[in-house]
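The domain 'Pentatricopeptide repeat-containing protein-mitochondrial' annotation in TrEMBL covers 107-227. Positions annotated as repeat 'PPR' by TrEMBL: 201-235, 236-270, 271-305, 306-340, 341-375.
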Amino acid sequence: MIERVFMRRLLHGISKSSTLPRSFILWRNPLLHFSSSESSHLESQLRHQEQECSSSGYSIGSPARVQKLIASQSDPLLAKEIFDFASRQPDFHLSYASFQILILKLARAKQFTLVDDVIIRLKSSRYSVTPSLFLNLIKIYADVDIPDKALKTFYTMLEFNCKPSPKHLNCILEALVSHRNYIRAAFDLFKNAHRHGVLPNTKSYNILMRAFCLDGDLSIAYSLFNQMIKRDLLPDVESYRILMQGLCRKSQVNTAVDLLEDMLNKGFVPDALSYSTLLNALCRKKKLREAYKLLCRMKVKGCNPDIVHYNTVILGFCREGRAADSCKILEDMPSNGCMPNLLSYRTLVGGLCDQGMHDEAKTYVEEMVSKGFSPHVSVSHGLIKGFCNVGKIEEACGVVELLLKNREAPHSDSWLIILEMICEENDKVRTQNALQDILKMEITRHTRIVDAAAYLEGYVIGKIRAKSRRQ
C-alpha cells in the first residue's frame with residue numbers, strides 16, 4: 001500500500017499542471033488510498049507519465065534535491081520508492097550520500113534484505129565507499145544482536161576495496177563475543193585481521209581476553225596478554241583488571257595479587273574496580289589481613305578507597321566473626337575522606353549481634369539513627385531479640401524507645417518478644433509503660449499492633465484461667 005500511495009502522490013504531482021517548471025519538486029499531498037484493482041491501471045499510468053516526463057524534458061530535480069527528499073522520509077520504504085523512481089530516470093545519477101542515507105534507514109528499520117539489494121547496486125556504481133558506512137552498519141547489526149550479519153559486513157567491506165580500521169574490527173569482535181558460540185569465530189577473525197590490512201590494538205586484545213576469561217579459558221587469555229606485550233602493544237589498566245577478574249573467578253587470588261604488584265611496578269595506577277575485585281576475592285578466601293593491608297595501601301598508590309571498598313572489607317570481617325575489627329575500619333573511614341553509609345552500619349550491627357556484642361551494636365544503632373539512617377527491621381529486631389535472650393529487658397526497651405523517638409516502627413515480632421518478656425516478669429509498671437509506647441506508635445505496613453494486642457489478650461486470658469484453676 002505504501003508503494004501505491006507514493007506512486008499516486010507522484011502521478012498527482014506530475015500531472016497536476018501543464019505548466020510545470022522544467023525541474024519539478026515532489027511535494028506531499030494528502031494520502032489517496034485506492035484498491036488493489038487499480039494496480040495495473042496505475043502502473044500503466046506511471047509508465048505513460050514517465051515517458052511523457054522524459055519526452056517533454058521534465059526532470060525530477062538535482063541529485064542533491066533527491067538526496068534531501070530521501071533523507072526527509074520517516075518511512076524507509078517510501079524513501080526506497082523515491083530512490084528507485086529516481087534511479088530509473090534517464091541520465092540521472094544518484095549521489096553517494098543518497099545510497100548511504102537509504103542503506104542506514106533501511107538497516108535501522110530492520111529491512112535487511114533491502115539493505116543487501118541497495119549495497120549490490122552501490123557496488124555497480126562509480127562511487128568509492130567510505131568506511132563510516134560499514135562502521136555504522138556493523139553497529140546496527142550489533143545493536144539488534146545479529147553477529148553473523150556484522151561479520152558478513154566486514155567481508156563486504158573488503159569487496160569494495162575499503163580498508164577496515166581497528167574500530168571496525170573491535171565493533172565486530174564485541175558483537176561476536178557477546179554470543180558464546182561465536183567466540184571462536186571472533187578469535188579466527190582476530191588472528192587473520194593482519195591479512196586484511198588491519199592490526200588489532202589494545203582494545204582488540206581486551207575484548208578477546210575478557211571473552212575467554214568469562215568462558216573459563218584463562219590460558220588463552222594469558223596467552224593473548226603475553227602476545228600483546230611481544231608485539232609492542234602496551235597493556236592498559238583494563239587489560240590487567242580483566243586478567244585479575246579471571247584469576248579471582250578461578251580462585252587464584254595470590255596470582256591476581258602478584259599481577260597487581262606487576263602492574264604497580266610498571267607505573268600503572270589500578271582503578272577502583274580492580275581493587276574491588278581483589279578485596280572481594282581476598283575476603284571470600286578469608287585472607288582478611290591481606291585485604292586490610294591492601295585497603296590501607298590504596299591511598300598511597302594513588303586510588304582513594306571508596307565506600308564499596310570499605311563495605312567489602314567490613315563485610316568480610318563480620319562474616320568471619322571479627323566484628324570488633326570491623327568497628328576499627330568504620331571508625332577510620334572519616335579520616336580517609338569516606339563516610340559510612342547505611343550498608344556500613346547495617347553490616348556492622350548485624351555482625352556485632354551475631355557475636356553477642358549487643359551493647360556495642362546498640363551504640364552504633366544510636367549513631368546511625370542520629371545521622372538520619374533507618375535501621376532495617378532485621379537489624380533492630382536482631383538487636384531487640386539479642387537483648388531479650390540474655391534477659392536485658394531495659395536495654396531492649398531502650399532500642400524500642402530509640403526507634404519510636406525517631407519515628408521508626410518496630411516490627412510486630414519485636415513487640416511480641418518484648419511483651420512476652422515483660423509479662424513473664426509480672427512487672428505491672430513495665431507492662432503499663434510498654435502499652436503506652438504501643439499507643440504512641442505510628443501504624444505502618446511493617447507493624448501490626450493487632451498482633452501485639454492479640455498476644456496481650458491471650459496472656460491475660462491465660463493468667464485468669466490459671467488463677468481460676470488454683471482457686
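FYI, residue positions are counted from 1 along the chain as it appears here.
Just so you know, glycine gets a Cβ as well, placed from its N, Cα and C.
Since we're looking at a predicted model, the values are computed, not measured.
Mapped onto DSSP classes, the repeat 'PPR' (236-270) shows 26 helix, 0 strand, 9 coil. Note on the repeat 'PPR' (236-270): residues 202, 205-206, 209-210, 212-214, 216, 218, 221-222, 225, 228, 277-278, 280-282, 285, 287, 290, 294, 301-303 of its chain, located 6 or more positions outside it, place their CB under 8 angstroms from a CB of the stretch. Across the repeat 'PPR' (236-270), mean pLDDT in this model comes to 94. Tertiary proximity for the repeat 'PPR' (306-340) is limited to same-chain residues at least six positions away from its ends with a CB under 8 Å from its CB atoms, namely 272, 275-276, 279-280, 282-284, 286, 288, 291-292, 295, 298-299, 347-348, 350-352, 354-355, 357, 360, 364.
Look at the repeat 'PPR' (341-375): DSSP puts its residues at 26 helix, 0 strand, 9 coil. For the repeat 'PPR' (271-305), the DSSP counts in helix, strand and coil order read 26 helix, 0 strand, 9 coil. Counting residue by residue with DSSP, the repeat 'PPR' (201-235) contains 26 helix, 0 strand, 9 coil.
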